[in-house]
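**Q** One structure, as structure tokens, below. Some questions next.
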Amino acid sequence: MPIRVPDELPAVNFLREENVFVMTTSRASGQEIRPLKVLILNLMPKKIETENQFLRLLSNSPLQVDIQLLRIDSRESRNTPAEHLNNFYCNFEDIQEQNFDGLIVTGAPLGLVEFNDVAYWPQIKQVLEWSKDHVTSTLFVCWAVQAALNILYGIPKQTRTDKLSGVYEHHILHPHALLTRGFDDSFLAPHSRYADFPAALIRDYTDLEILAETEEGDAYLFASKDKRIAFVTGHPEYDAQTLAQEFFRDVEAGLDPDVPYNYFPHNDPQNTPRASWRSHGNLLFTNWLNYYVYQITPYDLRHMNPTLD
């Protein structure tokens with residue numbers, strides 16, 4: 001949240017030089033507050049588990065957030081009860097005339113599937129096109145990052161030979177960037193993906209600003225300068241046991257997966273893993289809600305300014 005100070009306080013300019021968000025008394029007196037409307041497009045098979053993970057992060061902000069869950073796959077789910085979907089999810093037709101402060105598009109286990117072979121690929125493109133005029137800021141996670149880069153920037157699918165799985169170290173590139181406000185210089189975050197995100201590719205083919213990357217030069221966190229879109233290539237929402245569940249699932253399926261990197265104590269899958277990324281995940285989502293959504297969204301959502309083209 002911003003700090004409120006007198007208009008003429010000398011510290012105002014000093015802090016702004018460090019990109020600290022300062023709200024003067026004159027601005028604060030005219031600020032109107034209402035709950036934020038955030039739409040979550042949940043593409044994960046285990047929807048209830050994914051809901052829990054994202055809602056936990058969104059609840060860590062002092063801002064009041066109204067959540068709407070969205071699904072675009074009309075096929076019968078094998079992992080989520082139909083009753084749950086019918087009771088708590090809307091279809092795109094239900095909300096296409098509405099505006100939202102924020103949109104989160106989750107990952108999906110589609111890393112080895114060509115885009116045009118994804119059953120709901122046309123619907124993904126429809127939602128992203130719609131979001132340009134109806135959403136203040138959109139956050140893409142993991143596979144959704146790859147999909148958005150293709151749809152918005154025409155970048156072909158980049159696929160790794162082996163799955164990247166584990167907890168990796170990252171470093172921030174812009175210490176005063178709003179989305180990385182309060183981050184340690186280096187931090188840990190989990191990855192579970194076949195998608196590849198070389199930082200050089202992002203720099204060469206987009207105008208997006210890379211805010212954090214891995215030691216190997218993969219982009220982890222990047223965003224547009226107008227804050228309308230942000231991308232996180234890992235899974236900061238994951239629970240402590242999620243990577244373990246994925247690993248043992250693949251073992252049982254006979255896929256011979258590598259043990260997730262830097263995850264199990266002593267690299268032994270029989271040991272109980274611990275989450276080493278919770279503070280990072282909470283801070284990332286708090287920053288996104290505050291600086292990318294709350295501070296730039298109009299009080300009256302009917303006055304949305306479409307600028308994403």
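Glycine residues also receive a Cβ, built from the backbone N, Cα and C atoms like all the rest.
Swiss-Prot lists these features:
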ACT_SITE  Cys142  active site, acyl-thioester intermediate
BINDING   Lys163, Ser192, Arg249  substrate binding site
SITE      Ser192  site 'Important for substrate specificity'
ACT_SITE  Glu237  active site
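Give me the structural setting of these features: burial, nearby parts and distances.
**A** If you draw a 10 Å sphere around the CB of Cys142 (active site, acyl-thioester intermediate), it holds 29 other CB atoms from the protein chains shown.
Taking Cβ-Cβ distances under 8 Å and a sequence gap of 6 or more within the same chain, the neighbours of Ser192 (substrate binding site) are Cys142, Lys163, Leu164, Ser165, His235, Tyr238, Thr242, Leu243, Glu246, Pro260.
According to DSSP, Ser192 (substrate binding site) is assigned to a strand segment.
Here Glu237 (active site) comes close to Thr50, Gln53, Phe54, Arg56, Leu57, Val141, Gly281: these same-chain residues lie at least six apart in sequence, with C-beta atoms under 8 angstroms from its C-beta.
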**Q** Do you know which of the binding-site residues Lys163, Arg249 has the most other C-beta atoms within 10 angstroms of its C-beta?
**A** Lys163
**Q** Largest pairwise Cα distance, Å, within the listed substrate binders Lys163, Ser192, Arg249?
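**A** Spelled out: the longest distance between any two Cα atoms in Lys163, Ser192, Arg249 is 14 Å.
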